[in-house]
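Asks: Taken from TrEMBL, the feature transmembrane segment covers 55-85, 97-114, 126-144, 150-171, 183-204, 216-235, 334-356, 363-387, 393-419, 457-481. Annotation comment: TrEMBL describes 59-485 as domain 'Major facilitator superfamily (MFS) profile'.
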Amino acid sequence: MGLVGIPENGKGEMGLDLGAKNKYRRMDSELADADFDDASDYIHQQQRKNSTRKYVLACAVFASLNSVLLGYDVGVMSGAILFIQEDLHITEVQQEVLVGILSIVSLFGSLAGGRTSDHIGRKWTMALAAVVFQSGAIVMTFAPSFQILMIGRFLAGVGIGLGVMIAPVYIAEISPTVARGSLTSFPEIFINLGILLGYVSNYAFSGLSVHTSWRVMLAVGILPSIFIGFALFIIPESPRWLVMQNRIEEARSVLVKTIDDENEVDDRGDDNNNSKHEQKAVWREMLSPSPALRRMLVTGFGIQCFQQITGIDATVYYSPEILRTAGITDNTKLLAATVAVGVSKTLFIMVAILLIDKVGRKPLLYVSTIGMTVCLFSLGFTLTVMGQGAVGIGLAIFFVCANVGFFSVGIGPVCWVVTSEIFPLRLRAQAAALGAVGNRVCSGVVAMSFLSVSNAITVGGTFLVFAAVSAVSVAFVYWLVPETKGKSLEEIEVLFESERGWRGGGKGEVEMGDAEHLVQNE
């Protein structure tokens, strides 16, 4: 006989156990379902994260293809000029003008790039840059005289100016905060890759006739433009520009594809909307800047100028002349040695990409500027004191390679990263254009004066001057470049609100007083 209210089963057992087991089974089933849902959500999040990373990486790669054009031109002209001089019988001054004019002319492209990208979009500005450069490359390939060659250089320069300023801006606007530094460095990677390809092209075609070799070298530069045309069907428009055109849903669609953090997607959308309502005469604001904007301009414009006045383009454009001074006389051996320079420059850029979002911008800048100062001084000393000989040649090649390596570790890529992230969204395109103008003007001045200055004070003396300028750049980095690693664009803007934040921005996180100031502004 069972207990009252508790039935017995056929085996004389009470039904309590069975009911309890069913209850526990239901609870276990619910927990299993919950665990399954959590696992499914986790798998979905990981898949989305992988998808967005691959997509934004592809966008950064394709957006950086224009930078290959600049790098290739810099690398190939260092060797092509040897054959152009012999074929067209140009003077030393004409050599300087031919080499340096591209950088000077590119400032027109950079100046026009900000306004152009605001009108037709970041994506189609990259397309325009490729078309203009391609036109110039075709003219240079078939140029029968120095004058026609200069027309081609002019067109190529405008195209390069457009491409150089727009790529970092576009990448900064589509990149998630956590990877903004490394992705914005991509244009510098592709510049280095282009330089290496230019050096290899010089060596590969140096065996052709004098009349043909330099034309083939320049013609190869057309090929990257073809890939840029293909890229336009893959990469999206910048979400920042889409918001400016009131295409809000399209902008959010792009952010969802490129950022896996929903909170950041919402924050970026709000920031873009706010900046759209703050639009005013940008150039008027930049010509009459607030104290904060003035500090941004000093940092952005200054680091762009120091990147060039430390002599990197002289080292790359005139590496055959530098190594000839050291004692290498055969053209083929000269061009083979420059390939080593290109390899060094390309390999060390990968170190910067791996470390820029881990150790920060300023540590890389310190390593870079101090290392360059030592190498430039040592190269100048070697060329001045050692004279020609096996030891002098070996040391010259080593210090040239080490100098471009230290450049690639820090100031080469970090320059573009800092410039693309320190300015407010409403000013970014035009401010980046202004920085690119400073960069290109300094590059042109150095390239167009290197041979003349070297004749006046020797090649070794010229590099001792570069070493002194590089030493000044170390102080500039210490005092006037704040650390921006891991900070949102809003926090970076706060760094420049006060003298203390600007000069002390590399010593720690945004201070509480600065954060409160940001909240009050909002």
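Note that Cβ sites are derived from N, Cα and C of the backbone, with glycine treated the same way.
Unlike curated records, TrEMBL annotations are generated automatically.
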Asks: Taking the transmembrane segment (183-204) as the first stretch and the transmembrane segment (55-85) as the second, find out whether 3 or more Cβ pairs fall under 8 Å, excluding pairs closer than 6 in sequence.
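Replies: Yes, these stretches are in contact.
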Asks: Determine which recorded stretch among 55-85, 97-114, 126-144, 150-171, 334-356 has the most C-beta pairs below 8 angstroms with the transmembrane segment (216-235).
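Replies: The stretch with the most close Cβ contacts to the transmembrane segment (216-235) is 55-85.
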Asks: Any idea what the model's mean pLDDT is for the domain 'Major facilitator superfamily (MFS) profile' (59-485)?
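Replies: Mean per-residue confidence for the domain 'Major facilitator superfamily (MFS) profile' (59-485): 86 out of 100.
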